[in-house]
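First the structure, in the form of structure tokens, and then the observations on it.
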Amino acid sequence: MISPAWSLFLIGTKIGLFFQVAPLSVMAKSCPSVCRCDAGFIYCNDRSLTSIPVGIPEDATTLYLQNNQINNVGIPSDLKNLLKVQRIYLYHNSLDEFPTNLPKYVKELHLQENNIRTITYDSLSKIPYLEELHLDDNSVSAVSIEEGAFRDSNYLRLLFLSRNHLSTIPGGLPRTIEELRLDDNRISTISSPSLHGLTSLKRLVLDGNLLNNHGLGDKVFFNLVNLTELSLVRNSLTAAPVNLPGTSLRKLYLQDNHINRVPPNAFSYLRQLYRLDMSNNNLSNLPQGIFDDLDNITQLILRNNPWYCGCKMKWVRDWLQSLPVKVNVRGLMCQAPEKVRGMAIKDLSAELFDCKDSGIVSTVQITTAIPNTAYPAQGQWPAPVTKQPDIKNPKLTKDQRTTGSPSRKTILITVKSVTPDTIHISWRLALPMTALRLSWLKLGHSPAFGSITETIVTGERSEYLVTALEPESPYRVCMVPMETSNLYLFDETPVCIETQTAPLRMYNPTTTLNREQEKEPYKNPNLPLAAIIGGAVALVSIALLALVCWYVHRNGSLFSRNCAYSKGRRRKDDYAEAGTKKDNSILEIRETSFQMLPISNEPISKEEFVIHTIFPPNGMNLYKNNLSESSSNRSYRDSGIPDLDHSHS
């Protein structure tokens, strides 16, 4: 009999187990079978669903429904009862209209990569707390957005409409928008009212549209007082836009347009701008003082423009040399005229800008590079930056040293081709230097494609080996002194020299001995010895091989003569059949081999021969011949009985 205390213990244990298992069973039943639920995160993505499954827990906060086949009919009406849901991922589905029946308090909605064509006020008014709306890669057009569709979206901060069918910026956007992405559409015009009132807008992306200067209003961006980033990449602008908001703009992207001029007031009052990119345009010069108001500029990128380093660009060199170290300027490489092509504007001396009215004394430093004697000058190449002095002794005299500025440093360069793809550069310095910038460029190639190569060498070095060059190609080598602050001296002139790499054939210095050897085929003294040794080894090997073959052939012939037997029709005299004939040997077969066993040469006595008459038992024939009743020697041989020992009964 069970005691009352023990009964109470068992009852309490069962009740405890029930309350522990009950929540698990309820939770298991509340999660749809095709989904996975994890603390408010419902994972129903990538399951080829055509509708949103029912039975989603009421405490769900994030719904992952992307990469399915859900259409508008597949969104159940009870979905709007999930009041705790804040994020819904419905991208890459089969929606063709803006979905309804969404939870009221959703804040982040991802609908990209569908086929949504219309946006109505009815659909947006049901989710008034929406903050982020992603509609990239759909079929939304300007006329398919209902007028006033966003008038109740007072919390909307991010609106992404990239890669749609928009031809203009949608009107009536809420003032709360901070980021607006309209890239890769068909927008060709932007009127001032389009962006009017978007005082909270911080980032505006208009890349990949059809915008030109005529399609932009005079002050279309001027009222965007909080705009920090403006991107107009991959459009059809021919001039930099003006009247930009100068209060907060920090990043301006204008690359990949057709800009060939910059108005003098384009960047006025942009004192907060720290990044400006105008790469891949058609700029050849810049108006003087265009960057004067850019007090906080740290990144200026101007790559792949056809810069003409004439007198109009001399101010750029002076401005570059006055910049602090923190300012990073890229892409100011001369494309013309030919004499300075491939050189950095920062490296050019005042004489190279050809400013005739500037009053600059055209004094040329006589300490130039020693020409490469192995490479003749060619008329079609541009003249070097500095001229070769018409003196035999390259060593400077006292008078020649005083022709330039006393602070000017002298460099003497010598270039020698070592191999078809290597040149040796050596130099001498008249005064000690901290560092030098060494650069080389293949002539006839645009430096915009990376043909120019630069390196920094310390002042203690006096030579440098350049490898991986193209054989039989012209190159220009330049050297410029540098200070420790990484700024060039104002009066420093780059010293350049032109050379050519050797052809692909073996490079030989032009000495008298080599000229004599060129008349004869090239001979290497080490090759005959190796050839003699190799030939001797080959001859010995061939002789040994021939000897072995002869020996095998000779022994094989004798062996064949002693052991050969006829492969044709056998005759009764070919074998010593059943030991009844006198022979010197008997063919003994052992499994798969045979052996010749000699027998005594003494004649076998006739008394040992016994002829047995074979009588078939019970009148049975010893063989069966289907073709003929007559006997034949072949039939008997097939039966295993010798021909001569067989007799009929």
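Glycine residues also receive a Cβ, built from the backbone N, Cα and C atoms like all the rest.
The region 'Interaction with ADGRL3' annotation in Swiss-Prot falls on one of the ranges 38-67, 68-97, 128-157, 248-277, namely 38-67. Looking up ASN296, ASN555 in Swiss-Prot, the residue bearing an annotation of N-linked glycosylation site is ASN296. Per Swiss-Prot, the disulphide partner of CYS334 among CYS309, CYS478, CYS496 is CYS309. The Cβ neighbour count for CYS309 (disulfide bond), using a 10 Å radius and every protein chain shown, is 27. Taking the Cβ of CYS334 (disulfide bond) as centre and 10 Å as the limit, one finds 23 other Cβ atoms among all the protein chains shown. Taking the Cα atom of each, CYS309 (disulfide bond) and CYS37 (disulfide bond) are about 66 angstrom apart.
If you take every residue in the topological domain 'Cytoplasmic' (550-649) and average the pLDDT, you get 48. Burial estimate for the disulfide-bonded residues (CYS31, CYS44): highest at CYS44, by number of other CB atoms within 10 Å. Calculated from their C-alpha atoms, the gap between CYS37 (disulfide bond) and CYS44 (disulfide bond) amounts to 9 Å.
Taking every protein chain shown into account, CYS35, CYS37 are the disulfide-bonded residues, and of these the Cβ with the most other Cβ atoms within 10 Å belongs to CYS35. For the repeat 'LRR 1' (59-80), the DSSP-based tally of helix, strand and coil residues reads 7 helix, 3 strand, 12 coil.
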